[in-house]
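These notes concern the structure reproduced below.
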Amino acid sequence: MAEVKNAYEIYERLDELDPYSVDDLLTAHGIMTRGLVEESGMFRTRPVGVVDSEGRVLHFGTLPQYVPDLVMELLNWVKTSEVHMLIRSCVFHYELELIHPFADGNGRVGRLWHTLLLSKWNSAFAWLPVESIIHDRQQEYYEAINASNDAGESTVFIEFMLSAIKASLIEVISTSDEMSDGKMNKATLRWNKIQEYLKTHDYIMNADVRELCGVSAATANRILSSFVEGGKLRKYHKGGHWIYNFSV
């Protein structure tokens, strides 16, 4: 499925993206919507109404001629504001949805960029994408957006997202404590596979770890990041991708 394949690719390349770059935002949209929408990788050129599941118009997106400047202003605000990044990233997520800069894919890009902002602030959030955080809370997610639209400001949405992030972090920590021994064994097995691979290859990539360990792109990224942080691997950029080798 093209949508799933595109999502794997962009999350694999998350480290390459500048969270304050309009060009990178458009690049991400282009990858996520490749082969799915006509205006892929570009701001929309037509007015759009945002509708709910029953086809009712919830609000109208910004007129297309104002979209580029508003997105640039929003990214500049996120970059320069002294508001805590947990809140800043929520504001960005909500405001991007309000502007609705793309013909399609606004929600996916907003959740990706929320993850990117948080992961640049704290690498732990690369392990806990916003897409996963709201997976079981989608109804509440859209209700929070609608409530903020009705109120004319983003407080309800911010409170919802912070609550969802907190609950997800607590769940991850709890699960980690309960399964620490099992995870240690799994990490050892994965490290052994990576070591064996690197004995016959100059480097290893996310796609290689996915095949070796039978995991998703996001999980492969977490595995590699953990070994980089543990000093076992080093990473560097080559040919548009992150590659990994033994730390020296």
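Glycine is treated like the rest: Cβ placed from N, Cα and C.
Those TrEMBL annotations? Automatic predictions, nothing curated.
The annotation active site is assigned in TrEMBL to HIS100. In sequence order, ARG44, VAL48, VAL50, GLY61, THR62, ASN106 constitute the residues six or more apart from HIS100 (active site) in its chain with CB-CB distances below 8 Å.
TYR141 (ATP binding site) carries a helical DSSP state (H, G or I). Feature annotation from TrEMBL assigns ATP binding site to 50-59, 104-111, 141-142, ASN149.
Annotation comment: TrEMBL describes 20-163 as domain 'Fido'. The domain 'Fido' (20-163): residue composition by secondary structure is 94 helix, 7 strand, 43 coil, according to DSSP.
Neighbour count (other Cβ atoms within 10 Å of the Cβ, all protein chains): 23 for VAL109 (ATP binding site). The sparsest Cβ neighbourhood within 10 Å, among the listed binding-site residues (ARG56, HIS59), is found at ARG56.
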